[in-house]
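First the structure, in the form of structure tokens, and then the observations on it.
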Amino acid sequence: MKWITLICLLISSSFIESRILFKRDTDADHHKHIADVYTALTERTFKGLTLAIVSQNLQKCSLEELSKLVNEINDFAKSCINDKTPECEKPVGTLFFDKLCADPAVGVNYEWSKECCAKQDPERAQCFKAHRDHEHTSIKPEPEETCKLLKEHPDDLLSAFIHEEARNHPDLYPPAVLALTKQYHKLAEHCCEEEDKEKCFSEKMKQLMKQSHSIEDKQHHFCWILDNFPEKVLKALNLARVSHRYPKAEFKLAHNFTEEVTHFIKDCCHDDMFECMTERLELTEHTCQHKDELSSKLEKCCNIPLLERTYCIVTLENDDVPAELSQPITEFTEDPHVCEKYAENNEVFLGRYLHAVSRKHQELSEQFLLQSAKEYESLLNKCCKTDNPPECYKDGADRFMNEAKERFAYLKQNCDILHEHGEYLFENELLIRYTKKMPQVSDETLIGIAHQMADIGEHCCAVPENQRMPCAEGDLTILIGKMCERQKKTFINNHVAHCCTDSYSGMRSCFTALGPDEDYVPPPVTDDTFHFDDKICTANDKEKQHIKQKFLVKLIKVSPKLEKNHIDECSAEFLKMVQKCCTADEHQPCFDTEKPVLIEHCQKLHP
């Protein structure tokens with residue numbers, strides 16, 4: 001299968017056929033037919049995306065094995081353009097899984113598929129999704145082999161990347177797989193010209209995979225919101241995001257785009273991938289049709305090929321805030337008729353509020369803006385019952401700005417700690433905080449969370465000040481969402497459960513405000529609680545830091561009420577012990593002797 005042609009044509013495609021933008025069939029069973037999707041996407045795009053999707057669902061199959069299935073699905077789709085059989089009228093997702101289930105090799109290679117194929121949609125699609133392996137091991141060719149393939153058989157190299165990227169990221173939006181493939185092609189061309197190819201590939205692939213994980217995390221986060229909160233939460237988040245990105249868009253247009261974005265996200269999360277992809281491409285075209293009303297920065301995106309255009313729009317920086325928005329917003333706190341407007345249609349009125357503050361305040365995070373809208377709603381619910389509502393809600397704007405100042409101050413405090421002490425000590429500070437908040441979590445998970453939080457701090461504290469809060473709170477909320485997903489499967493404690501379920505917009509601030517878990521009962525210290533051996537003496541710096549962090553976590557779990565100065569004292573004593581024992585003639589006997597002395601010293605500090 002010669003996929004290099006596919007990739008090149010994907011990149012050079014122009015506009016796709018537009019499909020009834022913003023018109024939604026009220027029938028819940030409405031779906032596009034496969035001939036419509038095939039025509040809209042073109043054959044080459046259809047085959048490329050089909051390869052990505054089958055690779056995500058049949059992860060053990062080789063590229064050669066999947067080629068036959070891809071061609072079979074493609075031939076059937078092509079036949080449906082002129083031959084409208086009853087089967088062609090089925091939803092695209094249904095047809096896709098019909099083809100998978102009809103393939104004898106699928107039943108042989110995937111025993112579980114028999115159970116899935118016996119189900120009806122949407123349960124069948126959900127069953128396949130549930131069996132995706134998220135721990136699949138990637139096959140990474142050596143740089144020399146990669147460069148040889150690039151020179152002699154570039155089609156094989158790129159098709160292999162689509163296959164590998166898709167099965168290693170089974171929930172990644174398939175067009176994103178193709179966009180990443182294009183970047184990989186450029187990366188390979190660049191690194192194959194470098195003298196130190198191995199270093200170049202290592203550094204560039206790390207960046208590309210980080211981008212891949214980021215796209216997948218954001219996509220997964222949207223689905224997590226839909227699964228755990230009312231749909232209006234996702235709509236509000238999208239409205240804040242659209243208003244941030246396109247501040248000159250009026251409310252009606254911003255609201256329409258919000259509805260469209262929310263609809264295609266729902267299709268993606270329900271695993272209706274063909275519907276999802278078609279709608280994403282439609283939204284791209286619709287965005288370009290309205291570029292003058294949306295953003296002065298869209299021109300550069302709308303003049304490039306389709307695949308690049310979609311990625312360009314998704315990653316586009318916010319447009320400049322129009323000069324007329326520099327004036328204070330008065331219509332929500334100074335208008336004497338606020339309560340009448342709120343009573344007339346509270347959802348639309350609150351949407352207008354969220355749109356107004358989001359387009360004006362790009363320096364504020366979407367999560368803060370959602371929380372502000374929720375607090376404004378509470379304010380109106382209270383004030384509109386009083387004898388003098390305007391007097392009651394007139395301080396709403398001051399309250400909003402004071403809360404924003406507090407949030408900025410907290411962010412600055414953490415960035416100052418990071419800059420003063422460095423990432424590793426900042427990571428340890430976070431590790432202490434979160435071990436006290438949720439001591440029930442495993443040592444390695446806590447260390448991983450602290451490391452990811454420190455990475456977010458390192459990245460977001462380095463961006464311009466007016467971008468820090470959106471960066472930090474956006475990324476932290478995604479990380480906390482993952483934590484909450486684990487909490488749902490493996491209960492941590494009541495305080496964490498409350499933060500995960502009470503309010504999406506307040507989730508990050510809820511976790512920040514959490515104190516030590518007062519209900520936690522520390523386990524008794526045994527000989528197995530702490531383990532020190534001479535491996536630390538030969539460990540590299542990174543490994544030594546990890547060993548120290550494991551000691552920190554264990555220490556807090558058995559002595560959760562230790563104050564910061566006592567934790568620092570114990571850490572210093574730990575380092576003294578390591579220094580002493582690693583210079584002793586016999587390392588292990590020294591550790592065995594010094595361990596109980598260290599533990600007893602630290603336990604005496606515990607109140």
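Glycine is no exception: its Cβ is also placed from the backbone N, Cα and C atoms.
What Swiss-Prot says about this one:
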SIGNAL    1-18  signal peptide
DOMAIN    22-209  domain 'Albumin 1'
BINDING   His30  Cu cation binding site
DISULFID  Cys80-Cys88  disulfide bond
DISULFID  Cys101-Cys117  disulfide bond
DISULFID  Cys147-Cys192  disulfide bond
DISULFID  Cys191-Cys200  disulfide bond
DOMAIN    210-402  domain 'Albumin 2'
DISULFID  Cys268-Cys276  disulfide bond
DISULFID  Cys301-Cys312  disulfide bond
DISULFID  Cys383-Cys392  disulfide bond
DOMAIN    403-600  domain 'Albumin 3'
DISULFID  Cys415-Cys461  disulfide bond
DISULFID  Cys460-Cys471  disulfide bond
DISULFID  Cys484-Cys500  disulfide bond
DISULFID  Cys537-Cys582  disulfide bond
DISULFID  Cys581-Cys590  disulfide bond
What's the CA-CA gap between Cys537 (disulfide bond) and Cys191 (disulfide bond) in angstrom, rounded?
37
Long-range Cβ environment of Cys590 (disulfide bond), under 8 Å and at least 6 residues apart:
Lys580, Cys581, Ala584
May I ask for the distance between Cys147 (disulfide bond) and Cys582 (disulfide bond), taken between their Cα atoms and rounded to an integer number of Å?
45
Which of the disulfide-bonded residues Cys80, Cys101, Cys200, Cys276, Cys392 has its Cα closest in space to the Cα of Cys415 (disulfide bond)?
Cys200
Which disulfide-bonded residues sit within 10 Å of Cys500 (disulfide bond) - Cα, from Cys101, Cys117, Cys471:
none
Rank aside, I only need the closest one: which of the disulfide-bonded residues Cys88, Cys268, Cys392, Cys484 has its C-alpha nearest to that of Cys471 (disulfide bond)?
Cys484
List the same-chain residues at least 6 positions away in sequence whose Cβ sits under 8 Å from the Cβ of Cys582 (disulfide bond), in sequence order, or say none.
Asp534, Ile536, Cys537
Of Cys101, Cys117, Cys200, which is closest to Cys460 (disulfide bond) if I measure between C-alpha atoms? They're all disulfide-bonded residues.
Cys200
Could you check which of the disulfide-bonded residues (Cys117, Cys268, Cys312) sits closest to Cys461 (disulfide bond), going Cα to Cα?
Cys312
Measuring Cα to Cα, tell me the gap between Cys276 (disulfide bond) and Cys80 (disulfide bond) in whole angstrom.
20
